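According to TrEMBL, the features are:
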DOMAIN    A:54-272  domain 'ABC transmembrane type-1'
DOMAIN    A:353-544  domain 'ABC transmembrane type-1'
TRANSMEM  A:7-32  transmembrane segment
TRANSMEM  A:62-83  transmembrane segment
TRANSMEM  A:104-126  transmembrane segment
TRANSMEM  A:146-168  transmembrane segment
TRANSMEM  A:203-224  transmembrane segment
TRANSMEM  A:249-272  transmembrane segment
TRANSMEM  A:299-329  transmembrane segment
TRANSMEM  A:349-375  transmembrane segment
TRANSMEM  A:387-408  transmembrane segment
TRANSMEM  A:420-441  transmembrane segment
TRANSMEM  A:473-494  transmembrane segment
TRANSMEM  A:523-549  transmembrane segment
Amino acid sequence: MLRFVPALTIILMIGPVCAGLIGTILPAFGYLPALGGNRFSVGPWQDLLAQPGLGISMRLSLVNGLAATLISLGVVVLFCAAWQGTRIFSVMQRLLSPILSVPHAAAAFGLAFLIAPSGWIVRAIAPLGGWDRPPDIVTLQDPLGMALIVGLVVKEIPFLLLMTLAALPQADADRTRKIALTLGYGRVVGWLKTVLPRLYPQIRLPVLAVLAYSTSVVDVAMILGPTTPAPLAVRILGWLSDPDLSHRFLASAGAVLQLLLVLFAIGIWFIGERLMAHWGCRWAQNGARGRGDDPIRTLAAGAAIVSALAVFLGLAGLLVWSVAGYWAFPEFLPRSFSLRLWMREYHTLGAALMTTLLIAGLSVLVAICLVLGCLENETRRSYRPGAGALVLIYVPLLMPQISFMFGLQVFFTGLGLERSLMSVVVAHLIFVLPYVFLSLADPFRALDPRYGQTALCLGASPMRVFWSVRLPLLTRAVLTAFAVGIAVSVGQYLPTLLIGAGRFATVTTEAVALASGGDRRMIGIYGILQMILPFAGFAVSLLIPVFLFRHRRGMGTQNRI
Amino acid sequence: MRLFFAGLSIITGLATATVSVPVKADPAPDIGNWQSVLEQARGQTVYWHAWGGEPRINDYIAWAGAQVEERYGVTVKQVKLSDTSDAVAKVLSEKTAGVNDGGAVDMIWINGENFAAMKRNDLLFGPWVEETPNFDYVDVKGKPTVINDFTVPTQGLEAPWGMAQVSFYYDSARLDDVPKSAQGLLEWLVKHPGRFTYPQPPNYMGSTFLKQILTELVADPKVLQQPADEADAKKVLAPLWGYLDDLQPLLWRDGQAYPQNGASLRTMMADNEIDIAFSFSSGEVSSAIEAMELPDTVRSYVFDKGTLGNTNFVAIPYNASAKAGAVVLADFLMSPEAQLRKQDPQYWGADTVLAMDKLPADMQKAFANLDIGIASLAPADRGTVLGEPHPSWMELVETEWQKRYGVVQ
């Protein structure tokens, strides 16, 4: 049975993923019969290259993606190095789940309201300066995309931190750290020299996912990013939704370019990894103990706390907006409050939440079973069947979703599978599976094989080894993958709308439609509503281990104060 | 690889056989025989893809759906979109997959470029509009845009259900005197730099602003009613670029950043980032006051030489699954009763497409008695309604704008 799981995974994924790819690549070369494109040509590419400011758009995407990834990884690594095993570390851990469950767009809206020239921070100091008009300064949509980088960093830090937490047990971080301390290393330097080299390979896939996401992000970029010109992915969205349908050719070429750009960014990252490994090796060998690391520790804690604070204050802003009456600049709080909008959403809320939960639950369940099956099969056979083909499942992460959707729609429609719950679940699976895989794969592979071998020697069947040894040891990683999967599924807008043909109204389809009306109150309400399910998922994933392992000291070590 | 594909077809084949939605062909209703249309419609479910960004409008659509269900047994489900182009893309993907029957979209709220594109690519069902009973009330003479969508003849492919006209708005508590022409706006901005902006084209509202200016500045507005390739486009557009070269540096953030859409302009008014904004309906401004998005001192006005006006429509895709149901719904939307409620700012506040003199006396009275809202313009205050230019002008202007002002770094 087990040996077929990788094949099954590929079978389930290959159709939709190839369809999505083909549906982008063919129009990029002029082929789309429904629009009269019957012959291949390089016309779309010529159109694309003739777009004004294309180079700047590409630069923005590339630089922002790399910078956001580098900064968030840097903060997470430094913070772990400086504070792992302390009280502040466990406090941050508890702050994680609320931040992770905030949808990207809602976090970006919140941040925008915080740092805009007419935003909360300025409103707080406006009375001092006697301002009745917001200062004419650029804080959002700045030409270099700094605001966009900040917006990405504050959301990616918690994600990477969570991934790191799930991986720490496999890196045996606690004991390693203690030995380094005993040898006289400073906290930060000791951690970087001993734990990081074992940890990084385990969080590498999530880091690459962050890189791909940041390079091709659309929703956050539309809120915080520059517009003259915008990053490439935002412009692709513009071309795809242009009423002039012939723009789809140009948009498809743009999507292929975006794919290449993401691959290029990953290539640069790989080179950077090599350089870091080379340099880091020599640094580790030089034996410097680096004991005076207090400033670095303060800096790391400061960066982590400021980023968490930014999200929380932004969220508080949304919460206030959701009950606000008229609220003008420079008032710090609204003139009046009203629950009117909450009341009107209350009635439809239950049904939307149930639909969301149903789709998310099914797709995540399937994803986890498939991923565990693949990984277990790989462990038992100690080789990776179809490892090359499994790369396919990451393709959806590398492309702008909207360009991917066209081929996907054609695929499901052609099969006559559209509009059914099953097709929506499969469509979600395409985007959930890669995240579940990358959350689970590295910790699973890093699990010490001697546990399994010992159990086998004691006469346990392979099945029993899986259920009684490996799975319990991986509880934390599995639950983390589960929570990440739920968050990803809940966040899906286009797949739900387009593959479900509007038959499935989820919290997110309602939210995105209502957010297009631009009223901050509605954005606030749905931003918060969208948090409910992911929040529950993350909370459960943190609470279950606490309950399960209340009598297992060793299992709790990594997360103990 | 071959194995995978074989497996794929087996799996999907099994799945198709067991769970796929039975796609039933929906024969074109015989519109001339209204009774048969009603019979065919009964029991159908109409999936109406409509922009869902405004709770009030969603409520109106839900009301219309409940009415049609009660009267004709047609169930209406609104598919709330953030962008109409999603529905267009849906129909396009179905055509690509060869699904020419039993499509997912039964009706689309549409106008302008999206309509032109769907019509050009044969993605619409019809003609059906002009034979529906309530079309008789529509003001074809007085409101020529009800059958000419951005100069493109509708030819019975889409039914009018609301009028829109550009109006500007300002906070009367902050501003006494407002500029009422393109030139006046420029002069006003010299004195108040940074206090005005428009959404970045090709956003619909942003392009509308450019068209508004173009229509006012062009020597002979008639040329805009023809496709752009039939005229000396460079010469026609020259005054617009001359004007914008002066305007751009005076805009909010010196024209280096732009709001996303018309809704962002409302937020910027409340944030006191700008002093003058514009929308496609003065009723929308009244609604925004009611929704506490804007202060109750905001007022609307139009330019002296008139502002652009157009019509909103509903259309039925060529492969819709419930064509008769959609026709019945569209007919109801054009009924005096539905139009009256639509014009009431308490529910929506959008102008009717109907001709008052064609209506029964009691309906005329009901329309006359409507309280239109404090920031709405009464028909008498709206000045001249200018026609939308041909869609080809909009494309030209958007492309050229992007070249000239879209890259400032």
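The backbone N, Cα and C atoms fix where each Cβ goes, and this holds for glycine too.
TrEMBL entries are annotated by machine, without manual review.
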In contact by Cβ distance (the transmembrane segment (A:7-32), the transmembrane segment (A:473-494); 3 or more pairs under 8 Å): no
Ranked first among A:104-126, A:146-168, A:299-329, A:349-375 for CB pairs under 8 angstroms with the transmembrane segment (A:7-32): A:349-375
Leading stretch by Cβ pairs under 8 Å, where the reference is the transmembrane segment (A:523-549) and the options are A:62-83, A:104-126, A:203-224, A:349-375, A:387-408: A:104-126
Cβ pairs under 8 Å between the transmembrane segment (A:249-272) and the transmembrane segment (A:146-168), at least three: no
Intrachain neighbours beyond the transmembrane segment (A:420-441), with Cβ under 8 angstroms and 6 or more residues off its ends: 9, 12-13, 16-17, 20, 163, 166, 205-206, 208-209, 358-360, 362-364, 366-368, 370-372, 374-375, 390, 393-394, 396-397, 401, 408, 412, 474, 477-478, 480-482, 484-485, 488-489, 492, 495-496, 499-500, 504
Maximum Cβ pairs under 8 Å to the transmembrane segment (A:387-408) - stretch from the list A:62-83, A:104-126, A:203-224, A:299-329, A:349-375: A:203-224
Sequence-remote partners of the transmembrane segment (A:146-168) [C-beta within less than 8 Å, at least six residues beyond its ends]: 64, 67-69, 71-73, 75-76, 79-80, 84, 92-93, 95-96, 99-100, 102, 104, 107-108, 111-112, 115, 139-140, 174, 199, 202-203, 206-207, 210, 213-214, 217, 220-221, 223-226, 231, 304, 307-308, 310-311, 439, 442-443, 446, 476-477, 480-481, 484, 558-559
